[in-house]
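Here is the structure we will look at, set down as structure tokens.
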Amino acid sequence: MALKHMQIFLFVAIFSSFCFSITLSRPLDNELIMQKRHIEWMTKHGRVYADVKEENNRYVVFKNNVERIEHLNSIPAGRTFKLAVNQFADLTNDEFRSMYTGFKGVSALSSQSQTKMSPFRYQNVSSGALPVSVDWRKKGAVTPIKNQGSCGCCWAFSAVAAIEGATQIKKGKLISLSEQQLVDCDTNDFGCEGGLMDTAFEHIKATGGLTTESNYPYKGEDATCNSKKTNPKATSITGYEDVPVNDEQALMKAVAHQPVSVGIEGGGFDFQFYSSGVFTGECTTYLDHAVTAIGYGESTNGSKYWIIKNSWGTKWGESGYMRIQKDVKDKQGLCGLAMKASYPTI
């Protein structure tokens, strides 16, 4: 009898030890899998760190971001968009915001309230006459997605994209224009430290226009203005107009006629890792980024959206673009996209 009890005791002890070892191994296995994912991500995005300490620190950030992305994507209902582990996955949200935005929105809005409102040429366009959907890519008025890198000159990319579109609509030629010319030569803005599309339009009008991207290529950093490279001019503008503030219907009228530069709050976590679908994520109306509205439409489930062209490369979003919810309850628009919009005139 004693022998039988001893056998039972040994079996329980061995089984308990086995279960305990499995329990311990699971977190270890998960950690190894995550480390492998980080290494694969580094290879995919060409990320090289200065030393082991930096790599370890970036791994922790990467892990936290991945876990949060996967948690948010697992929410079963109410989310019409997905997030992805993209090229920004080893950056904290604060780091991302400081490196990849650059719209001087707060100062722009405060000064706008003190100035006379500009004319709006589409004011009398009947809403009923507007097309149900617009996509300027299909009409040949949008150049391929560009990448501002870690230079905070989104304002320049937004302004240039709007001018590229207006030029194609007016002259029938789609020309890739120079953002670097604005970064280097527009002294009313701040290069990689940020700027505003309206002041960029003013600079372009005053200096006679923009040259091509190939003539004055993008470097992703501030440099001295090379006046020789600013010529010959590929296009010019007569000025710009602001879209009435906090009015998505007015914005729709403008976008139906041409691509429009738009200020937006693009520094949030959901925006950082947006991958696909109609964006309805968390954001504020503190404008910190600039994009270009190039269309609008409605998905098969009835979700209305804007199409925006970003300047973070093709690995972000829907090959560099985002569909973001349109006609929301808040008059400012989702992420404030109806607060500060403007377009060039040719």
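Glycine is no exception: its Cβ is also placed from the backbone N, Cα and C atoms.
Note that the structure is a prediction, hence the values are computed from the model and not measured.
The active site annotation in Swiss-Prot covers Cys154, His289, Asn310. Per Swiss-Prot, the feature disulfide bond maps to Cys151-Cys192, Cys185-Cys225, Cys283-Cys335. Per Swiss-Prot, the feature N-linked glycosylation site maps to Asn124, Asn301. The signal peptide annotation in Swiss-Prot covers 1-25.
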Integer Å distance between the CA atoms belonging to Cys192 (disulfide bond) and Cys154 (active site): 9
Cys335 (disulfide bond) to Cys192 (disulfide bond) - Cα separation in whole Å: 22
Residue among recorded positions Cys283, Asn301, Asn310 with Cα closest to the Cα of Cys151 (disulfide bond): Asn310
Reduced DSSP assignment, Cys192 (disulfide bond): helix
Cα distance (Å, whole number) from Cys283 (disulfide bond) to Asn301 (N-linked glycosylation site): 23
Fewest other Cβ within 10 angstroms of its own Cβ, chosen from the recorded positions Asn301, Asn310: Asn301
Separation of alpha carbons, Cys192 (disulfide bond) and Cys185 (disulfide bond) (Å): 12
